[in-house]
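Annotated in TrEMBL:
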| type | residues | note |
| --- | --- | --- |
| TRANSMEM | A:21-47 | transmembrane segment |
| TRANSMEM | A:67-89 | transmembrane segment |
| TRANSMEM | A:96-114 | transmembrane segment |
| TRANSMEM | A:120-138 | transmembrane segment |
| TRANSMEM | A:203-221 | transmembrane segment |
| TRANSMEM | A:285-313 | transmembrane segment |
| TRANSMEM | A:325-343 | transmembrane segment |
Amino acid sequence: MSTRTTWAVQRVPEVSGGVRLLATALSAILALIVAGIVLRLCGLPPLALGARVLHASFGTRFGIEDLLLLASPLAACGLSVAVMLRVGLWNIGAEGQFFVGATGAAAVGLFLPVGGTGTTLALMALAAAAGGALWIALPAAARLVLGTSEIITTLLLNFVARLLVDFLATGSWRDARSSVTAQTPRIHAAFAKLPRDWHLGGLHWGIALVIALAAVVALLFRYTSWGFELRVCGANREAARYAGMPVGRRLAEAMLLGGALAGLGGMIELAGTVHRLQGGLSNSYGYVGIIVAVLAAAAPVGVLFSALLMAVVLNAGTVLQTQGLPASAAVALVGLILLFVAMGERLSHYRIAVIRPRATPAGTGSAAAASGAAE
Amino acid sequence: MVIGPVGAPGTLAPRPLVAMRGITKSFYGTLANDGVDFDLRAGEIHALLGENGAGKSTLMNVLTGLYQPDAGEILIENHPRRLDNPAAAIEAGIGMVHQHFKLVQNFTVAENIHLGWEETPRRAGAAALEARTQALSERFGLPVTPGARVADIPVGEQQRVEILRVLARGARVLVLDEPTAVLTPSEVAALFTALRGFRADGNAVILISHKLGEVLEIADHVTVMRGGRSVAQCPAAGASRASLARLIIGDLPPSGRAVAAPLPDVEPVEPRADPDPLPARDVADPAASRRPSAPPGIAATAGAGPSVPHPAPTMVLREVSVRDARGVTLLDRVSIEIMPGELLGIAGVAGNGQRPLAEVMTGLLAPSEGELLLDGASMRGIGPRGFASRGVGHMPEDRLRTGLAATLPQGENALLREYHLPPSTRFGWLFDPAGARRLARGIINAAAVNRRDPSIPARNLSGGNQQRLVAERETRISHRLLVAAYPTRGLDVGAVAALHAAMHRLRARGVAVVLISEEIEELLDHADRIAVLCAGRISGILPVAEADPEKLGLLMSGQSLASGAPVSA
Ligand SMILES: Nc1ncnc2c1ncn2[C@@H]1O[C@H](COP(=O)(O)OP(=O)(O)OP(=O)(O)O)[C@@H](O)[C@H]1O
Ligand SMILES: [Mg+2]
């Protein structure tokens, strides 16, 4: 009988958020190193380019502010996708819900004659959430009644939403006084800037709202029996039904909440950054939100970090383009980083363990899992 | 090398066809196989026994290339072989039929047999494939219907298809993981005949089973595993049920089995966090779980004359019919009264309405017609949650699909019935992770699952341990009625006895128990009355004193007891 010590690679069922974050950071750095080597081989100076990207993103206060401004709609859309992933559904339609939410908010901001900015903003937020939820209501109904795949329906409605915004921005809501033909007039209700002495004066309170939304969703998931039910519905609907959970209702609720969150993202972008409804309001934030949610393994707080990561990556693409690299190089870099981060997420589940088969019968030696993460 | 209480095989024994040497396989937190040696000789049927979680399935998954061992080697006819995947194993002549079949439900039998097989002729029509299948079926003595869709054939035939698939690819070693758990007695007999034929051709079979009677009937040799190690090897001749049970459970004080089993279980997260031994379940002594005296006046009065004051029945089904979405009748005017403290057995060949009956009784299915009363109140419009909160527990027949969310941690699975109640949830909505974890730990301990870490996904538990978890979770909430469908499937001898004892404890407390089973012996041993299901109808209900295998067999085939003629539809 073999009794010598040996080793094995084992899969750990659950890893902590800290380990996962570390794995993500290390993977991103590794991807950058690989990208640097490729650039070097192409005869480009990777360090100089890297320095430029870093400088553009983190080197100045404006850079950091820009980064956060870009990250916040990504986080909102990521949250939207994450909530639906919790019940095992794919929201490919955050883009459309984002637009419709912004449309609802713009309607309030443009046409509702109320006094205070605070009230208007609150009403805009309500309208946005309702708009986003409305936009997913049809896919939700189709899913629950007919079993239609939400992947297709939510995706298709994105195009409808975009057309709706273009229709309004070039049509009846168009700003007649401006020479730009595809936007509404400026909406005056806007998020206030953060206090000056926080040294992030370019940022608005909408960003705090996104963080608050992530926190609320995290609390709902962890500290309500509702959150527990969503998880079971996502893992095995038949078992959820057997356990007496109202499965259809929970799916519907998760979908509507997901739509509302993306809609709110649209409102925050509108009232915080863009101030006019226009077709360029979203730069594919809804689609990037899918990546954000997947990278965060659908954890609400993790979404904040992965949104930040995606913002850096998108920024780097822009910088590289200004340095004469083709746009496709930037896309390739994005892909490389995502690939590494996804692999890192997987690998963070593995540990090297030292195995000591028992030398003598009955309960002396044992397996000892030791050593650090494989990542 | 192997410590065999009955003595190692003599020197004249032929050299092994398959030899596993020092096989070690670890998973995070446990050592599933710990230096296991295993020999298989040509021309033998070799039973692999051991309690739940002993490492039997893992060892066979290593042999069939599904898992790679951390250490150890596999010799086939004395040559070391690497088996990197199941295809390499089948190449080496080793094939396995898993407990959960892997057939394509929408394909025909013939298509399933020929799927992914090199010898499948290139441009062959359905007729050609079916003819080849028919020939294989006759050659190996495993009757199948080549043209039938797998989804439409009974479980026993699906299993024959799985076996044919393996044998057709030239396997000389056939591994069967708990093959008889889902078979009717006559299907078991047919399977054994086929296995004997296979053995007669000089091939070998490895059979994992918890049913010691069957093992003694068919096996030539027995290997017993415990705690990841091979602890005994002996010829089957001369062994008895009792001696095998002793080998399986080990020479431990009976009350300490579940904790004292020397499992090399290291939980890096919470190392051996259980200072107090769990409440011992009377596992070691099967006799102890035999029917205790019936609760006073209950079983005896069921169906007695009107002069005796009837206790009110716990559940009443009155002319309950169930039709599925296509209008096919699943249950046909079923009427049953279940008395408090009664253990009602439901006999019948699987697929004759057992599943819809269990689902109607637990609120998962609404009757299309008829009425169902629980403690005298109509249950119309009430779903599974309402049934559970009124004290109805349910062990479903398909634990992996219905009873568990396999990808979720076992702790969350332990909570499935109580996550919304204190101490998991306060004020009806506020989930308390700490309270929930305490409760989950309590349930896992009481279930005597071999791994105590609540964060292990349920699918990583061994089959029998999954079933233990479901059993404990459901008996906990059964204040009025427990509906248990094939509850002992996959359980080891000790756990079977423990489960039967738990049912009798419920019964003694006045809880009604519905035991759905295909094992007549189990029903005769434990039930107060036995109802027989056939084609969605109750073909008869007998007090256990009047029941015998012959009568039940008649009822199961749809005959009435009086005339022997089929029950009129
Ligand atoms: N994929 C896996 N990941 C983690 N642990 C596993 C895995 N497969 C098996 N185990 C663990 O290895 C041990 C042995 O499991 P195995 O399935 O081999 O038991 P078994 O003897 O077949 O039991 P049963 O009679 O209940 O089927 C168990 O403790 C189980 O939890
Ligand atoms: Mg097993």
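Here the Cβ of each residue, glycine as well, is placed from N, Cα and C on the backbone.
Automated prediction, rather than curation, is the source of TrEMBL annotations.
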Based on Cβ pairs under 8 Å, which of the stretches A:21-47, A:67-89, A:120-138 lies most in contact with the transmembrane segment (A:285-313)?
A:67-89
So which of A:21-47, A:67-89, A:96-114, A:203-221, A:325-343 is most in touch with the transmembrane segment (A:120-138), counting Cβ pairs under 8 Å?
A:96-114
Would you call the transmembrane segment (A:325-343) and the transmembrane segment (A:96-114) in contact, using three or more Cβ pairs under 8 Å, pairs 6 or more apart in sequence?
no
Take the C-beta pairs under 8 A between the transmembrane segment (A:67-89) and each of A:21-47, A:96-114, A:203-221. Which stretch has the highest count?
A:203-221
Using Cβ atoms and a strict cutoff of less than 8 Å, what residues sit near the transmembrane segment (A:96-114) while being 6 or more residues removed from its termini?
73, 76-77, 80, 120, 123-125, 127-136, 154, 157-162, 164-165, 168, 173, 184-185, 187-189, 258-260, 262-267, 269-271, 276-277, 281-282, 285-286
